[in-house]
Amino acid sequence: ARALCRPAVCRPRPLPPLPPTAMEEEVAALVIDNGSGMCKAGFAGDDAPRAVFPSIVGRPRHQGVMVGMGQKDSYVGDEAQSKRGILTLKYPIEHGIVTNWDDMEKIWHHTFYNELRVAPEEHPVLLTEAPLNPKANREKMTQIMFETFNIPSNYVAPVDSIQAEEWYFGKIGRKDAERQLLSPGNARGAFLVRESETTKGAYSLSIRDWDEARGDHVKHYKIRKLDTGGYYITTRAQFNSVQELVQHYVEVNDGLCHLLTAACTTMKPQTMGLAKDAWEISRSSITLQRRLGTGCFGDVWLGMWNGSTKVAVKTLKPGTMSPKASLEEAQIMKLLRHDKLVQLYAVVPEEPIYIVTEFMCHGSLLEFLKDQEGQDLTLPQLVDMAAQVAEGMAYMERMDYIHRDLRAANILVGERLVCKIADFGLARLIEDNEYNPRQGAKFPIKWTAPEAALFGRFTIKSDVWSFGILLTELISKGRVPYPGMNNREVLEQVEHGYHMPCPPGCPASLYEAMEQTWRLDPEERPTFEYLQSFLEDYFNGPQQN
């Protein structure tokens, strides 16, 4: 279990407010694909829908049949499907065209508040529509979005928009594309299309390939846009749309490394956080199922939210954190939304306080490294996991936010070796006087930069120091840092410039990067942006030798 702690001396300065531009950049547009059978919804730029459910509305056939079951006037989506024997089901969309606006409004309400759990007035919305949708329907959709849900802006796109294609992964980077395509469940010829990182309005096609020399790997092709509106990879084969281009290469490789065989599989996405007015939830909405671990300030449980969403729940012991502080932290953490940060969903602010987050199936990186699966990890896999942590920290660096307790125990591992940073920001709110850099075993001295341990000067550069220690945990597969030394010895030695020796099996160039993070002058340490780039490109250049 991961300890939630804070230093009790030299309290760090309060978190500065986020700049307006940074906050504005994080307001993602919502995409809702209103299909005849299924509704798909999510955030623009995500690699998969956040919610997929049947486009149905059900009502009780007979009054009184559902007494004691929390009877409602109507049920939507999966809940309606599960009660189909005692409900009358209706489909408000036929052939992509809305035929029942009252029921359609219920589906959109369910999409915003139950599936995506967002405040619609905070997000622009992109709705897809059938090609033959009448103009009156388009106007009605827009009217409901503005008048009922108060959305700030609305755009209706044809249902054949690239956004609706299962192979379109939106705004993901080259490295993430490789991660996804090389994960289990994909074979040679698996592919995805993503936004170009370098050319606005263009796309990239990423394909999984294999050869004897390189084994499994990914090749990338730029999809260029013609001035006339068409698309091409090579000028001899031009197409009116990206969909037509993809279909062509499904039928013939025509110069590509392989035929396009299947869209890249995606992990089932975790639902993003709750609406701004729903961070405070009722304890009765959470069911604790299994204790995952115990720490000095409480337990971590596998739980269910509203009986349908798998979550991780931190139960804090009374006196650990004030209810007011827990809600303040929830509001701050809502602004920090990134694929490599564990998403906070909600809090139960009455003691014992519950902190509800997304669930990561493999638990902490530290425990995972000690298991057999972790012991079998290769150097490229370990470096990729480090790159993911650096990516999350580079985002926090851009947002002027500090972690304060970065170590393998506070990194969580999910499916396909996805790593996410947990417990960011919680350390500074814990009300416990024993968590002291000069005394008490709870303080993680071995991970803490000397200026933070001795004087409480926590900055993003002290996080960089901690990241260097985390790298040794990764390479050594869970070994405690500074083996054979106690906290006092570590502090004394580090203050005089001592560095841990190179871990067994660690390339010299990677150890060099570790040593850069341990420079005594914080300003001489590298940025997380640099560390992310270094680690992502580690096996593309000569530095690994």
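Glycine is treated like the rest: Cβ placed from N, Cα and C.
Listed in Swiss-Prot:
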ACT_SITE  Asp405  active site, proton acceptor
BINDING   Leu292, Gly293, Thr294, Gly295, Cys296, Phe297, Gly298, Asp299, Val300, Lys314  ATP binding site
DOMAIN    167-264  domain 'SH2'
DOMAIN    286-539  domain 'Protein kinase'
MOD_RES   Tyr435  phosphotyrosine
REGION    23-157  region 'Actin'
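Overlay of Swiss-Prot feature records on the structure.
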residue : record                       : Cβ within 10 Å
Leu292  : ATP binding site             : 19
Thr294  : ATP binding site             : 11
Gly298  : ATP binding site             : 23
Val300  : ATP binding site             : 21
Asp405  : active site, proton acceptor : 28
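For the domain 'SH2' (167-264), the number of residues in each DSSP class (helix H, G, I; strand E, B; coil) is 18 helix, 35 strand, 45 coil.
In the predicted model, residues of the domain 'SH2' (167-264) average a pLDDT of 90.
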